[in-house]
Amino acid sequence: MSGVVSRSTPGFRRSFKVPNADALRWFPGHMDKGLKQIESKLSVVDCVIEVHDARVPLSSRNPNFRHTVLGNKPHLLVLNKKDLTDMRWQKEVDERLKSEHGISDVLYTCCKNDRDKNVDQVVPKAIELISQSPRFNREDSEEMNLMIIGVPNVGKSSLINRIRNKVLKKRNSNPVGAEPGITRSVMNRVKVSASPLVFLYDTPGILSPNIKNAETGLRLALCACIKDHLIGIEVIADYLLYTLNKHGNFKYVEMMGLEGPTDNIGTLLTKGAMKMDKYEKRRSHEGYINRPHLSAAAEIFVRAFRDNKFGPVMLDSDLLTNNN
Ligand SMILES: Nc1nc2c(ncn2[C@@H]2O[C@H](COP(=O)(O)OP(=O)(O)O)[C@@H](O)[C@H]2O)c(=O)[nH]1
Ligand SMILES: [Mg+2]
């Protein structure tokens, strides 16, 4: 897509060197406890709703997951946090998901927006997919079960709450939470449709992210799908700076008290800490001195990205333009 191809700034880095790639290597993706829990429930699940972060529609999705784990079971991919991603990439994302992941049922959602129409489409779409497919061992059962799964922090609980609250509002006018336990129906599932009879498991299945390489880990860390300390907040901040520069997005300049774009994270964090009055006491041979607090500035910089202060960003744009 010509309009939003990454622009590189002359003299700035064209690739990112990960200083502690080893930290990501031990990430226990293979010891996937969550996957076992999901597999144990699969025999009673009729449609799996996989939630993923729309800023990283390809990174960390295991393209084999659908077929190896689910077989032919209906599967709906929900790309949530669409408010944080650059939706101009939607066509490329859809094409790539179809050609490489075999996925054509995708809904883009924003759980923060009460009026998001696609959130309301999740259950009807799942029912439609189930109705169109053979139900094998479940064909004698009148009820359908839905299960939401995904890696941490993509919005699984938010989506479950949105669906659940809508059903509760319809059923009676009690505000959610007025009757504790009301949603804790039999077997931890909540009825989301009476005709056909459809239930949604109210605890999501948690998948470990599939970290193919260090850069995937950095993207997931930026989206808060893996814990900051695994990589280190200053490295995440550096990757954010590299990413924003790559996208020609220089909104950070003013916020971090810079005179212009920079490719140097040390400069950005030092100036940012000074602007935000963040100092730490350090011992030197002359006694204690106040130094700009770099990790505090890094926290603020990364949080600003997660809070959408720099506008929507498609982190997988290079995967969509290159054939890798
Ligand atoms: N901007 C934005 N934030 C969201 C959206 N959905 C969820 N969140 C936020 O993302 C964070 C993780 O959400 P949560 O539902 O707990 O994710 P889970 O770990 O997958 O269950 C929370 O701070 C939510 O408020 C969305 O569509 N847009
Ligand atoms: Mg949750």
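Backbone N, Cα and C atoms are what each Cβ position is placed from, and that goes for glycine too.
In TrEMBL, annotation is done automatically, which means it is predicted and not curated.
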According to TrEMBL, Asn80, Lys81, Lys82, Asp83, Asn153, Val154, Gly155, Lys156, Ser157, Ser158 bind GTP; which one of Gly11, Gly205, Gly217 is listed for that same site?
Gly205
Once the DSSP letters are reduced so that anything not helix or strand counts as coil, what is Asn153 (GTP binding site)?
coil
Under 6 Å from ligand 2 by C-beta, which of these binding-site residues make it: Asn80, Lys82, Asn153, Gly155, Gly205? Sequence order, please.
none
Sort Gly205 (GTP binding site) into helix, strand or coil using the DSSP assignment.
strand
Within the domain 'CP-type G' (36-209), what mean pLDDT does the predicted structure show?
86
Out of Asn80, Asn153, Ser157, which has the highest number of nearby Cβ atoms, where nearby means within 10 Å of its Cβ, if these are the binding-site residues?
Asn80
Gly155 (GTP binding site): tally of other CB atoms within 10 A of its CB:
24
